[in-house]
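Peer 1: The signal peptide annotation in Swiss-Prot covers 1-19. Sequence annotations record features per position, and here Swiss-Prot assigns domain 'Ig-like' to 20-109. Under the heading disulfide bond, Swiss-Prot lists 41-107. If you look up Swiss-Prot, you'll see 42, 89 marked as N-linked glycosylation site.
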């Protein structure tokens with residue numbers, strides 16, 4: 001019996017908006033299909049809001065969500081977004097990754 005596993009490559013990008021540097025950690029990550037994945041955005045200053053985007057290979061960035069409130073948590077199916085209490089960081093968690101999750105994820109503040 002042949003077992004085939006898919007390797008997902010999820011990229012993150014560094015963003016700079018209005019002079020604020022927002023850094024994502026890790027910058028890229030290989031994930032096996034079915035594994036969970038988490039990436040973080042950290043800002044040097046307090047953000048009034050943060051947006052998350054996804055760009056599929058060869059495609060344009062697609063808006064996913066905007067977080068405004070301190071400590072806010074929002075879910076979209078297998079994706080969970082969180083805005084830190086101090087409004088200087090955010091996280092994106094994908095549960096049980098699928099091949100449709102392949103792409104570049106980035107945040108902007």
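Every residue gets a Cβ built from N, Cα and C, even glycine.
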Peer 1: Pick out which of the disulfide-bonded residues 41, 107 has the most other Cβ atoms within 10 Å of its own Cβ.
Peer 2: 107
Peer 1: In the structure shown, which of the glycosylation sites 42, 89 has the fewest Cβ neighbours within 10 Å?
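Peer 2: Output over glycosylation sites 42, 89: least Cβ neighbours within 10 Å is 42.
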Peer 1: Tally of helix, strand and coil residues over the domain 'Ig-like' (20-109) according to DSSP?
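Peer 2: DSSP composition of the domain 'Ig-like' (20-109): 3 helix, 51 strand, 36 coil.
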Peer 1: Taking just the CA atoms, what is the gap between residue 107 (disulfide bond) and residue 89 (N-linked glycosylation site) in Å?
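Peer 2: Each residue's Cα considered, residue 107 (disulfide bond) and residue 89 (N-linked glycosylation site) end up 10 Å apart.
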Peer 1: What's the CA to CA span in angstrom from residue 41 (disulfide bond) over to residue 89 (N-linked glycosylation site)?
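Peer 2: Spelling it out, the Cα of residue 41 (disulfide bond) and the Cα of residue 89 (N-linked glycosylation site) are 5 Å apart.
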Peer 1: Grab the pLDDT values for the domain 'Ig-like' (20-109) and give me their mean, rounded.
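Peer 2: Mean model confidence (pLDDT) across the domain 'Ig-like' (20-109) is 90.
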